[in-house]
């Protein structure tokens, strides 16, 4: 619209179109205000009039939308449309103010830079609410309606006056006063919990805040470190504390944004295994990244994907984490790249997995004699290792013990990569000059040092007329028997991967030294595939395997005299070999003392109680006399019945005899004194009231009862106890009846059985009744069935 102010003169317009000269003034409200013109909404009639800013009598800067004005109406000379002229701003009427209490529902936006700017003369609005008679009413307001330099926030408590625009009828809030700021709620994650208090890592700033358990609104038993919470901050004794702590759904609080893209870099500083006392940096590690502008990113001990040791120079892949609170960037999800060993200065070694335990294992090294300890956490690429897997690793000193090494950064290799020896197919013959020994077998734990190191043996051999010697290890011996000094052996020569070292491998025993000493002993124990021999001095037992016995093993019995040689097997354990049965008499004097003594077993043989250390049993004389209380040892030879199982506390009778090469006086011809009653007899077996070990009853088979007597419950018997060496269970043998027990009297049939049928009543008279036709007779006077059972043809009736 174009407008010429010069058209407004006495001849250019009049008050109304009818030409009346009286100038009537009207009132209205500024509805729209632009740079040079605006529009007025008339109060007395439905009309919207144009006005030019030059027609305003006053400072145009004070005029704003919503102001009441008084004006005259004229007409545009060119268009004939009514326009407002001679505008005067009307002072607002003073009304009695009723102030209301309410709160901010939606605050006026503080920053409108990102939004389209408001039109000139228009202000952004917010909303408030108040309650009256149980109803809630909402009003708009602008920042100009707020008293004082106060920035209102949603939730603030306020006091205001309700303003009713008489021209537009719009209701709004004005003269707004702030009563109480809303308490801010903060979020965070519980990072530590003590006995009565804890700490929360705040989500708005990089800081921890204290809270007492009494401030937690919920079940304290469910609160754990890592839970998301919200809280209010209050000042107590000059320190900020968290109050009104409440749980939030898991995942509500997010501290950082992790990049989707992966980056690669080089480790320039590793995290020390043992942090120094003055180290305060929570992210001590550094990774150099080759961006357009190279930069170093920090990382902490929780930023690696695995617990594999990082070394300086490692090539790694990672994500970048950006903290939302302070925009700090760090490397996270760090994993070692497979080609990293091309860039580090570490010396890599190879070996084979030799043993696996719970969380750790041992590697048999190519370049070292000792097995190398390792933790499962040091396995690269998340591979699952098994015994005999070939691996590559780095050896570093243990941080806790400088004398020990362990393997780190273990990488699985393809089968066939690792080779310990390169040996020829040629076999050599030689004689053992020094025996090889194993290390102490109790060194499987990584926390225990070795008590005794393994020692190499020496073999003398002849090569093209030249007498030479070569070392061999006990682990390279084939079979279960270790060669001894003077034994003939066959072996191969192997070059180790360590240069200049040769060792005998695949050592096989060909023959024992013919001059080796032969020993005598007595069979003390027989198991499934092995046994024990009592030495000639009757004070020890020697292990032997049935494969070392020359003859039929089934012919061996307890107490048999045998001849054998001693050898050292794996683990430096002594065992008997070349065991032969012999009938020579050795070790027992011609005459035993004829006096028979009564005694009590105070310690059984080790075969009866494997938990005891000593092999020999001990018997104490209990009969009155000068020898009462004296104690004598005994072995398997001293038993009258070699299969008898003497237990601690049993009464025995015995003689004394000088036995063994050291002429020791021992108990001999020992016979137990056992009496007990028969508990019950079944078909082919029974039980005796006699306690053996954990069992209260002793089993016996009827074939063990002497003279073919049929035992009855209550009979008193004498017997021997034998121990089944294979099953470990005891049973009675050689059972003699000493006296007969009381006869069992047949009890009459109970009346309840005789009268049962008589007591049956049936309420239904038509129901079938059971009637006794004849009384049954006993088997001695039985009539039985008169009709003989015959084979009948189906379908044919006689």
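Keep in mind that glycine also has a Cβ here, set from the backbone N, Cα and C atoms.
Taken from Swiss-Prot, the feature SUMO2 cross-link applies to 91. Cβ environment of residue 91 (SUMO2 cross-link): no same-chain residue six or more positions apart lies under 8 Å away.
As annotated by Swiss-Prot, domain 'CSD 1' applies to 26-87. Looking only at the domain 'CSD 1' (26-87), the predicted model's pLDDT averages out at 88.
Across the domain 'CSD 2' (136-179), DSSP classifies residues as 3 helix, 25 strand, 16 coil. Sequence annotations record features per position, and here Swiss-Prot assigns domain 'CSD 2' to 136-179.
Positions annotated as domain 'CSD 3' by Swiss-Prot: 186-245.
Look at Swiss-Prot and you will find 297-337 tagged as domain 'CSD 4'. For the domain 'CSD 4' (297-337), the list of distant contacts is 202-206, 254-271, 281-287, 289, 343-346, 375, 377-380, 382, 396, 408-409: same-chain residues at least six beyond its ends, Cβ to Cβ under 8 Å.
The annotation domain 'CSD 5' is assigned in Swiss-Prot to 349-410.
The feature domain 'CSD 6' is assigned by Swiss-Prot to 447-507.
Per Swiss-Prot, domain 'CSD 7' is recorded for 519-579.
Annotation comment: Swiss-Prot describes 610-670 as domain 'CSD 8'. Helix, strand and coil residue tallies for the domain 'CSD 8' (610-670), in that order: 3 helix, 27 strand, 31 coil [DSSP].
Residues or ranges marked as domain 'CSD 9' in Swiss-Prot: 674-735.
Taken from Swiss-Prot, the feature domain 'SUZ-C' applies to 748-789, supported by sequence analysis.
The feature N6-acetyllysine is assigned by Swiss-Prot to 81. Within 10 Å of the Cβ of residue 81 (N6-acetyllysine) there are 10 other Cβ atoms, across all protein chains.
Take the CB of residue 123 (phosphoserine) and look out to 10 A: across all protein chains shown you find 14 other CB atoms. Feature annotation from Swiss-Prot assigns phosphoserine to 123 (among others).
Note on residue 276 (phosphoserine): other Cβ atoms within 10 Å of its Cβ, all shown chains, come to 8. Annotation source Swiss-Prot lists phosphoserine at 276 (among others).
What Swiss-Prot records for 514 (among others) is phosphoserine.
Summarising the annotation, Swiss-Prot assigns phosphoserine to 584 (among others).
Only residues 6 or more beyond the boundaries of the domain 'CSD 2' (136-179), in the same chain, are considered here, and those with a CB under 8 A from a CB of the stretch are 28-29, 41, 43, 66, 68, 97-108, 110, 123-130.
Taken residue by residue, the domain 'CSD 9' (674-735) breaks down under DSSP into 6 helix, 32 strand, 24 coil. Broken down by DSSP into helix, strand and coil, the domain 'CSD 7' (519-579) contains 6 helix, 35 strand, 20 coil. The secondary structure of residue 91 (SUMO2 cross-link), as reduced to three states from DSSP, is coil rather than helix or strand. Most Cβ pairs under 8 Å with the domain 'CSD 7' (519-579) belong to 610-670, among the candidate stretches 26-87, 610-670, 674-735.
Across the range of the domain 'CSD 4' (297-337), the DSSP-based residue counts are 0 helix, 21 strand, 20 coil. Counting in whole angstrom, residue 81 (N6-acetyllysine) lies 30 from residue 123 (phosphoserine) by their C-alpha atoms. Residue 81 (N6-acetyllysine) carries neither a helix nor a strand DSSP state and counts as coil.
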